[in-house]
């Protein structure tokens, strides 16, 4: 599920971002990370990441659920290709996409969706809720953040089997929206991180979390949204995330009314 925008010679957003230049995460060191999988034939396939935000709600990217598929969420996973013994499998009962999301215009923003699970997961040391930032919270430039996911480990590469993490310091809006970076493609409802040309998200990381260290604890400040169509790890084209703090009231309203 690779969504391409325009030609590869232009710096246009490409959704489905995966971790490039990362390392294998410690087993269950990011216990709010989930794998969003769809059924095709008799098999299940990882398509996106997500964050467990309630025992029966997951936050992901809207572009991950643009297609009518039968989805399930796997919590507590580390190696997608084997049984770790810690996984919890739950079907997705309802999908709520942000009403302003337009799949033909990723750069407009609103790339966020909430998934209500058919039943609540059990919280333990392998499965925990992600901590969300306060509404309107803005990261300082160069804040320490990690992207996590099972996405491709290089442009046009293979999906990772074990959860990967990469250190991606945040890039503030003033820099990220400058002409030598993303320009007007990036909006102030987005978070940019990385851009060193080595480490980035890539296809398959989409929808997953950007964990940032603020006041001594990690919270999920981003939902992985897009990278450059020229490649995942392009210098001065940081990975772009939906800014979670811009959607806190929407998230709370959706959960309260569903």
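First residue shown is number 1, and so on along the chain.
Heads up, the Cβ atoms here are built off N, Cα and C, so glycines get one too.
Checked against Swiss-Prot, the residues 79, 141 yield a single entry marked N-linked glycosylation site: 79. Distance from the CA of residue 48 (disulfide bond) to the CA of residue 79 (Ca(2+) binding site) is 15 Å. A C-beta separation below 8 Å, combined with a sequence spacing of at least six in one chain, links residue 77 (Ca(2+) binding site) to 34, 35, 84, 86, 87, 163. In sequence order, 74, 78, 80, 81, 83, 84, 86 are the same-chain residues whose CB sits within 8 A of the CB centroid of 77, 79, 82, 87, the residues recorded for Ca(2+) being left out.
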